[in-house]
Amino acid sequence: MPRAPGPRARPLRCCARPERVTAFFRGHWQLLALTALVFALWTTPVVLPLKILVVVLHELAHGAAAVLTGGELVEIDITQAQGGHAITRGGSRFAILTAGYLGSLLLGVALFLAALRTRADKVVATCFGLLLLSVTALYIRTPFAIFFCAGAGAGLLAMARYLSHDVNDMVLRIIGLSSMIYVPYDIFDDTIARAGTAMSDAAMLAQEFGGPTVMWGGLWLILSLAVIAACLRAGLRRPSNLSFGRG
């Protein structure tokens, strides 16, 4: 007597996830190694220039927010101790204070994605270098800040002119990664861990608009992590390894 066919056998998928993990590591091992290296050297002088450059992005973001909301940027300063300030006149105080951490993160993410998913690395490095030199000429007055920003700007221009596409790509990735690592850490340290002792953007926002410092810091931290997650989701869809064979 014929039997009714049983349920169709389904292919085993027990190995699908390990294969995907292996493929991810193969496709992004350079980026993973770079991230691990930055973390390993985070407390050493090797990474200090990158941290200071992220501070420059932070102050630039304050200035940009002032200009975009009808005000003006008067002065930018940075210090060797990873400090800095932006003096602005007019504009939306709320936007200016909010823009520091989140704006510097967005600038870092933009550099990272431009390096990861476009071939415009030399153009981006050139524009970034010209921006730093322009800011130095217009808004910076102290010796260390002039030396650092002018040196970084000139270095980026030289890199774009004389070094390969892949070297430019790698440097932009490092700057972007440093921003994505430093900004959430700095938000947590300045606005949550030292909420009662540090004078931060969140503390000034709390004084002027109400709410505790920790609330603003926590909100910025959540937003920064969401931005980073979206960046990685968009940027790591395809393999990211460099061949170092292009001009």
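The backbone N, Cα and C atoms fix where each Cβ goes, and this holds for glycine too.
According to TrEMBL, the protein has these features:
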- 29-48: transmembrane segment (TRANSMEM)
- 94-116: transmembrane segment (TRANSMEM)
- 123-139: transmembrane segment (TRANSMEM)
- 145-163: transmembrane segment (TRANSMEM)
- 170-188: transmembrane segment (TRANSMEM)
- 214-236: transmembrane segment (TRANSMEM)
Within-chain partners of the transmembrane segment (123-139) [C-beta distance under 8 Å, separation at least 6 from its ends]: 56, 60, 63, 73-76, 111, 114-115, 145-146, 149-150, 152-157, 159-161, 168, 171-172
Beyond the flanks of the transmembrane segment (29-48) by 6 or more, those residues with Cβ under 8 Å of it: 82, 170, 173-174, 177-178, 181, 236, 240-242
